[in-house]
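Per TrEMBL, the features are as follows:
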| type | residues | note |
| --- | --- | --- |
| COMPBIAS | 43-54 | compositional bias 'Basic and acidic residues' |
| DOMAIN | 98-133 | domain 'EF-hand' |
| DOMAIN | 137-172 | domain 'EF-hand' |
| DOMAIN | 233-268 | domain 'EF-hand' |
| DOMAIN | 278-313 | domain 'EF-hand' |
| REGION | 39-58 | region 'Disordered' |
| SIGNAL | 1-36 | signal peptide |
Amino acid sequence: STRPWVAMASRWGPLVGLALRCLWLLGAVLLMDASARPANHTSTRDRAANREENEILPPDHLNGVKLEMDGHLNRDFHQEVFLGKDLGGFDEDTEPRRSRRKLMVIFSKVDVNSDRKISAKEMQRWIMEKTAEHFQEAMEESKMHFRAVDPDGDGHVSWDEYKVRFLASKGHSEKEVADAIRLNEELKVDEETQEVLENLKDRWYQADSPPADLLLTEPEFLSFLHPEHSRGMLRFMVKEIVRDLDQDGDKQLSLPEFISLPVGTVENQQGQDMDDNWVRDRKKEFEELIDSDHDGIVTAEELESYMDPMNEYNALNEAKQMIAVADENQNQHLEPEEVLKYSEFFTGSKLVDYARSVHEEF
Ligand SMILES: [Ca+2]
Ligand SMILES: [Ca+2]
Ligand SMILES: [Ca+2]
Ligand SMILES: [Ca+2]
């Protein structure tokens, strides 16, 4: 469906940009305190805990999507599209034997023709299947949250209802906020919360199909929380990322723009090394995957198709890349030994003693 998102975006654009910049600055300050690194790489477990607290807020990290909402690379992407809803099942390496066996069960499932080799086509099909699992999970989660924000169960959530819930989660009294909205009185909220609120309202507008009555149905609410589920919202997310990184205002991204580091984030050698990795990873991603026509410029269209998790061409590219990482005998396929040896890449967990285990567990 077409949405009036261009008009809405320009209407709310400056506010959202400001809000994002403030959020980003706050994030940068918090990170500088912690480790001086520019990337906001939180673990899956941290994120899960965080989700509990902010359950009605759209998440920054989207499973199976290449970039986070704030423009950071999704560093767990390969694991997410390899493990699907089993993500986190390899978290604790207390039972490496069991984990190895589990990994080999996955191997057999990816290897559809059972020749004990994973081809790019097999991996591509697997990635699409696992991405669908993340979609399914997001839908179930969104359904639950929709029930929470739609207590009267009429199938519509108004912006005001959502706003009450959001401010209540920030410690405001639900009754006071509701009364203030009803009486059209001004609410006293701090500047930071106000900016988040403006940003959220902008997204709410984007997610609302015509007529623009600011009432969201369940599918619209899903695309509010998870922009990867709607073409219009995905495009909006891309637009926000471009606006955040674009320095010369041509609405496209050059390599320097994509890899430029936040000022003042480098404090020591350790921070410097992390920055070097950060820059190297982003440069590689820009040159090899995002800039698909390799003209040195990433357009909004290129970024959009790169970020689209349901794009089969991307899935094939990813499949080839994942194979290349572990393909030690250079036959463009993955054998069980290779997957076990590179278990950390595929599962996030080092599964020691891989050489012996192949014979033990296959
Ligand atoms: Ca095969
Ligand atoms: Ca630019
Ligand atoms: Ca290009
Ligand atoms: Ca191989």
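Heads up, the Cβ atoms here are built off N, Cα and C, so glycines get one too.
Unlike curated entries, TrEMBL annotations are predicted automatically.
Beyond the domain 'EF-hand' (278-313), the same-chain residues lying 6 or more positions past its ends with a Cβ under 8 Å from any Cβ of the stretch are 37-39, 64-67, 73, 124, 128, 131, 134-135, 228, 234-235, 237-239, 241-242, 251-255, 258-259, 261, 321.
Per-residue confidence over the domain 'EF-hand' (233-268) averages out at a pLDDT of 85. Each residue of the domain 'EF-hand' (137-172) gets a DSSP state, and the totals for helix, strand and coil are 24 helix, 2 strand, 10 coil.
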